[in-house]
Amino acid sequence: MHAPATVRTRVTIPLRFADGYRVDADAVTFHGLVDGLEHVALVLGTPSPGDTPLVRLHSECLTGDAFGSARCDCGPQLREAVERIADAGGVLLYLRQEGRGIGLYNKLDAYALQDGGLDTYAANTALGLPEDARDYAAAAQMLGALGLGGVDLLSNNPDKAAQLRGYGVDVRETRATGVFASGSNLRYLRAKVEHTGHTIELAS
Ligand SMILES: [Zn+2]
């Protein structure tokens, strides 16, 4: 366990997505996050009394989240998560872990190798980088600073729930996210399933 983080600023941001969906989020920043990165929490909606807040850990993906890249499914996953969390009440943790923690330039290097035939994980290995460099200690600190004792997790990635539990977060249920397959990202999604036990069903 790490020292607790504290809330630095909480400010309302009106979100509006490309498809017209709108919702107000409270953006929360923190003091004392263990990795020193500027992660931000978006508090969305309010859980009904007795309900467990719904939480998603979303790793930053500049190409997918901001530019709408179809090489991955991050943009549609973010869009889905915001609405589902706003409906249920909960928090989206936007984690500055571009390219599963390897950074933007390395991610684009890996894309170039993938165009030569490697999958997303083999490309990282060829670059001497870890398949997945993400650690969720700061995410656990953010949930603690927000006073969330127990959470339901919106995720297909078993490593997120396992790590959070290891850091003392009471993960009660995990709920699957949708699958956003396209011609451009199918190979990427299959690699996620084969390498990391992601629980996504893909038509073969
Ligand atoms: Zn992405």
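Cβ atoms are placed via backbone N, Cα and C, with glycine included.
Straight from TrEMBL, the features:
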type     : residues                                                                               : note
DOMAIN   : 24-174                                                                                 : domain 'GTP cyclohydrolase II'
BINDING  : Arg56, Leu57, His58, Ser59, Glu60, Gln77, Glu98, Gly99, Arg100, Thr120, Ser155, Lys160 : GTP binding site
BINDING  : Cys61, Cys72, Cys74                                                                    : Zn(2+) binding site
ACT_SITE : Asp132                                                                                 : active site, proton acceptor
ACT_SITE : Arg134                                                                                 : active site, nucleophile
Considering Cα atoms only, can you say which of Cys61, Cys74, Asp132, Arg134 is the nearest neighbour of Ser155 (GTP binding site) among these recorded positions?
Cys74
What recorded positions among Cys72, Cys74, Asp132 have a C-beta sitting less than 6 Å from any atom of ligand 1?
Cys72, Cys74
According to DSSP, does Cys72 (Zn(2+) binding site) fall in a helix, a strand, or coil?
coil
When the Cα of the residue listed as 'active site, nucleophile' is compared with the Cα of each of the binding-site residues Arg56, Glu60, Cys72, which one is closest?
Glu60
Per residue, counting other C-beta atoms within 10 angstroms of the C-beta, which of the recorded positions Arg56, His58, Arg100, Arg134 reaches the highest number?
Arg56
To the nearest whole angstrom, state the Cα distance for the pair Arg100 (GTP binding site) and Asp132 (active site, proton acceptor).
5
Same chain, not part of Cys61, Cys72, Cys74: whose C-beta falls within 8 angstroms of the C-beta centre of the Zn(2+) site? Give them in sequence order.
Ser59, Thr63, Gly64, Asp65, Ser69, Arg71, Asp73, Gly75, Gln77
Please report how many Å separate the Cα atom of Arg56 (GTP binding site) from that of Cys74 (Zn(2+) binding site), as a whole number.
12
Among the recorded positions listed as His58, Glu98, Asp132, within 10 angstroms of Cys74 (Zn(2+) binding site) by C-alpha we get His58
Look up Glu60 (GTP binding site) in the DSSP assignment and reduce it to helix, strand or coil.
coil
